[in-house]
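Enquirer: I'd like to ask you about the structure that follows.
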Amino acid sequence: MQRGYECRGRLMFRSAFGLRQRCKQNRRSGLVSFSCCKIRNGQKVLPKKTCERHLELSCSTKKDYGFIYIYHMQKLRIFLFLLITTLASCQPGHDIRYEMADAVLSRQGSAFTARVDINVLEKKFSSPLGLQVHSFGAFLVYWDGVKVGQNGVPAKAGRPEVPGTETSYYQIPDKLAGTGKHVVIVSGTQSYLRETGRIVMAKPDSYLKLLRKPLIELSLVNLMAGAFLIATIYYLFLYANSEYKQRTTLLFAVICFLFFALLVMEYLKFYIDIPYTQFYTRLAIVGWLTFANALLIPLYFTIHFNLPHKLLVMGVLFAALLSIYIINYEHYDLTAHLHSLTLWIASVLILLYVLVKKRPGSLLVLTGFIISMVINQYMFYDFGLYISFTIILLCILYLQTLGARQLEVAHRASLLLSSRLQLELIKKNIQPHFLRNTLTSLIDWIEESPAQGVQFIQALSHEFDVMNEIAEHALIPIRQEIDLCRHHLDVMQFRKEIRYIWKDSEIQDGELIPPAIIHTLLENGITHSIPSGENKIEFALSFSRSATAKQYIFEVFAENRLKSERRGGNGFRYIEARLKESYGDGWSFSSEPFAGGWRSIIRIEL
């Protein structure tokens, strides 16, 4: 015989490892005190914890369920949302006290009959009495010999069974709802899943409460599910329309969708009637969704915090999750719980590592994980699990906002850099010594050969026109860059009276390149090269492309003026800044002498 107190608040946990918990209720100083003790092999173990609460609550103990001691009210103030959720379904006072025997089950083939003896000791509500039945099959339910309802259609000769649902509710007639001893008979058939050995459970309670409880749960779940569905859509749009597509943004959208799907599948039983034949299908889907979340959430942290050895970490985590699934195959609740625990442990280990490395946001997220574990320990499993998941996702959302702020800061820095590079590009062509030397040469050409002087002016004008066109762009067509170089050679040929030869090969007109970086290499070659005996310097630009990168090779065929390694000065710094502005870290630049002159290589990753 089991003695039960029914609580309006859903504050109970399943006992672990086959241990039962009993609860004694004592009144002391106007408080309600619960002394919890465990029973193992018939031996009573000394009480371990005493929990007090100002609200008068009671608990129910049944087979497979145990009493959850209530966390101290002063601690609960930290978790306001938890308090609101709990108080929304809890009211002071006992609804019902009853004693219930284990079901006596008899089977003959697919037919079965279960008898449950219930002794209602006290009932403190005026609403109709209800009965909640958990069982597989299609059956009729009788209360004291009177039929109170039917779940599905039992099989008969020539008529197959129409499966019922795993949980069903029935209203007890008022004339049979008094205190005292009652007998519940569940009689029907179970044509499917007989190997599962599910027991029959029947629990009396207020009929209105039985109907309202799912609505209260759904009101909270719908809020969470709707919020994460909107987050999924928002971050998918953000990823699709973002110029810089971050993997963490897409990953967060997927995690939000998986959590939305998890909530929907867990509470789908309240929206539609699920035959008991599909009972485990829903649990299997819930398990795989939990598996996916347990894998993707730590993956998010490894990517966001740029954890080393990502593949190794994720490989070990995947192997652990898969092992849990295989070892506990078809133990759905246990598997989901262990997957959630693995998620928590893996994430906390990652967060502890990045906390030591002093990564931004790591401390707050780690605190959120600790809070989620505390909530999961001191709250009913369903609510605790999903509120814990919600806190975890809010922590990830916080990291997303940090990432967005870092992108904003980087964008502002890139704008400032771009402005500086534009000024640098203009300064390169209006430096006082360049203008002085150019104008001096122009005067000489006009005096000696007016026709050549006009060509000099036109070449200088064309170079300034192209420079003005490209100054405000981060990338320009390669042909425009080559035109700039040719105009510059025309100008320098008048100035220095040296024959400059330009060659290019394999150039693809559709390619883009940061402005004036080849022009800068050209200026460097003119400055640091000695013309050959024929008074000429030859420049060659070639392009090649592979599956992983594209490459520009710029060569100067002349004698190098400096024997030591050429540093490049401001010119090389300008080239590197332009490449970083447009390609981030996906580039390389080298410049070094070779037997025929000087070679510079720009490699851009695809």
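Just so you know, glycine gets a Cβ as well, placed from its N, Cα and C.
Checked TrEMBL, it gives:
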- 218-238: transmembrane segment (TRANSMEM)
- 250-268: transmembrane segment (TRANSMEM)
- 280-299: transmembrane segment (TRANSMEM)
- 311-328: transmembrane segment (TRANSMEM)
- 334-356: transmembrane segment (TRANSMEM)
- 363-380: transmembrane segment (TRANSMEM)
- 386-404: transmembrane segment (TRANSMEM)
- 422-497: domain 'Signal transduction histidine kinase internal region' (DOMAIN)
Enquirer: So, does the transmembrane segment (386-404) come close enough to the transmembrane segment (250-268) to give 3+ Cβ pairs below 8 Å, pairs being at least 6 apart in sequence?
Expert: yes
Enquirer: Quick test of the contact rule: Cβ under 8 Å, at least six residues beyond the ends. What residues does that give for the transmembrane segment (311-328)?
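Expert: Residues 287, 291, 294-295, 298-299, 302, 334-335, 338-339, 342, 346, 350 contact the transmembrane segment (311-328) from elsewhere in the chain.
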Enquirer: Using Cβ atoms and a strict cutoff of less than 8 Å, what residues sit near the transmembrane segment (280-299) while being 6 or more residues removed from its termini?
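Expert: For the transmembrane segment (280-299), the far contacts come to 193, 251, 254-255, 258-259, 261-262, 265-266, 268-269, 274, 310, 313-314, 317-318, 321, 325, 330, 332-333, 335-336, 339-340, 342-343, 346-347, 350, 389, 392, 396.
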Enquirer: Looking only at the domain 'Signal transduction histidine kinase internal region' (422-497), what is the model's average confidence as pLDDT?
Expert: 73
